[in-house]
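According to TrEMBL, the protein has these features:
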{"type": "SIGNAL", "residues": "1-25", "note": "signal peptide"}
{"type": "DOMAIN", "residues": "54-169", "note": "domain 'DOMON'"}
{"type": "DOMAIN", "residues": "176-377", "note": "domain 'Cytochrome b561'"}
{"type": "BINDING", "residues": "HIS217, HIS253, HIS286, HIS322", "note": "heme b binding site"}
{"type": "TRANSMEM", "residues": "219-238", "note": "transmembrane segment"}
{"type": "TRANSMEM", "residues": "250-276", "note": "transmembrane segment"}
{"type": "TRANSMEM", "residues": "288-306", "note": "transmembrane segment"}
{"type": "TRANSMEM", "residues": "318-338", "note": "transmembrane segment"}
{"type": "TRANSMEM", "residues": "350-371", "note": "transmembrane segment"}
Amino acid sequence: MSLSSRTVVVVLCFLFVIAPYFTRATTDGVRARCDSKQFRNDKHFRSCIDLPVLDSYLHFSYVRETGVLDVAYRHTNVESSSWIAWGINPTSKGMLGAQTLLAYRNSTSGFMRAYTSSIKDYSTMLQEGPLSFHVTQLSAEFLNGEMTIFATIVLPSNTTVVNHLWQDGPLKEGDRLGMHAMNRDHLKSMATLDLLSGQVTTTKAANDNMLLVKNIHGLVNAVCWGIFMPIGVMAARYMRTYKGLDPTWFYIHIFFQTTGYFGGLLGGLGTAIYMAKHTGMRSTPHTVIGIFLFALGFLQILALKARPDKNHKYRKYWNWYHHTVGYVVIVLSVYNIYKGLAILQPGSSWKIAYSTIIGVIGLFAIVMEILQFNKRWGGLCCKKSKDLEADQTACIDV
C-alpha cells in the first residue's frame, strides 16, 4: 500500500471515530435554549431550565408565600403521534406517587388534549384523575414538532424544592398511551428542582440501579439464549458425525443447553420480573415470545426423560420432535434478542457485538454443512439413485 493510500485510510478512520462527537456537538449547538423561547399567547415566566434529557425545557414562575406555580413544560423534536408528561412527586423520587400533567394530540380531531393523572402503581395506564394539589388553566399546544403543556399549580406555601419528572411515549390506536422507551435518557428523566434558584439536581441512585438491571437482563439473555443455545445445537449436529467424539458431543450439548436454559431462567426471567415490577412494563410480543421460549425449553427437558433407546421403533419420531423444537427455539431466541435490544436501546455497540458473534456462529454452521454434506446427505442421494436404477431394471425385465 502506498504512502498516500495509507494517509487516506488513516484520515477516514479518524473521521469515522470523531464523527459521532462532531454530530453530537452540532446537535447541541442547534438545540434552542429555553431563554430564547417566545410563547404565542404572550405568556412570560421568570425562570427557565434546559432539562438534561429528552429535548425538554421547563419554564416557570413561582410565588413562595402562596405556593402558586405557573409552569410550561416544553418538549421539542416530538411527533404528533406522541404523548408528553411532566409531574411533581410530593412523596418520593421517581415514578411511583407522581402527580402528572399529560398531553397528546387527538388523532381524529387534531385538537390537543391535556389532563391530570396520579400514578399509584407501576402498571398505570395513565388514566385521568385528580391530583393531590389544585391545578387550573391546564392546556396544551403542538406546533412545528414542539408540544407544550401549560398549567397553574397550587403547592403548599413555602415549598422550595420538589422532585419532578418528565417523559414521552407513543400514542397507540384509539389514542391509548403506549409505554415509554426504556433507554438511558427515558430512565434518567427525573431530578430535584429548586423553585427559588432554578437549580436541577439529577436523581441518580434509582436510575443507576434500573440501568444496571436492564443491562444484566440483556447480557444474560443474549449469552444464554442467543449464544449458548446455538452452540449446544451445533455440538449435537456436527460433532456426533465423528465416531471419536461420541459421547463427548452429548455432554457438551447438555452442558450448553442446560446452562443456557437455567442461566436464562435465573438471570433473564428474574431481571424481567424486577423490571416489570419497578417500571410497569406491559405485555409485548417480546414478553410473550420469552415466556413461550421458557415453556419450549422446559418441554425439551421433559423430553429427555421420555427418550427411547437408539434402536426403538419410536426413536426417529422423538428425534424429529426434539430437533424441530430445538431449531424453533434458536430462531425465536435470536429474533427475540433483537426485539429486546430495540426495546431497551442499550447502545449500538451491544447490537454490533451480538450481530458479530451470531454472524460468526452462523458462518461456522455454513462451513460445517458444506464439509459434512456427503456424510449427511450422501447416503440419501445414493439410496435414491439405487432405487432409480432398480426401477429402470424392473422396467427392462418387463
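Keep in mind that glycine also has a Cβ here, set from the backbone N, Cα and C atoms.
Annotations in TrEMBL come from automatic prediction, not curation.
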| request: Let me know how many other Cβ atoms fall within 10 Å of the Cβ of HIS286 (heme b binding site). | output: 19
| Same chain, 6+ residues apart, C-beta under 8 Å of the C-beta of HIS253 (heme b binding site), given in sequence order | GLY232, VAL233, ALA235, ALA236
| request: Report the DSSP secondary-structure composition of the domain 'DOMON' (54-169) as helix, strand and coil residue counts. | output: 0 helix, 66 strand, 50 coil
| note | Fewest C-beta neighbours within 10 angstroms among the binding-site residues HIS217, HIS322 belongs to HIS322
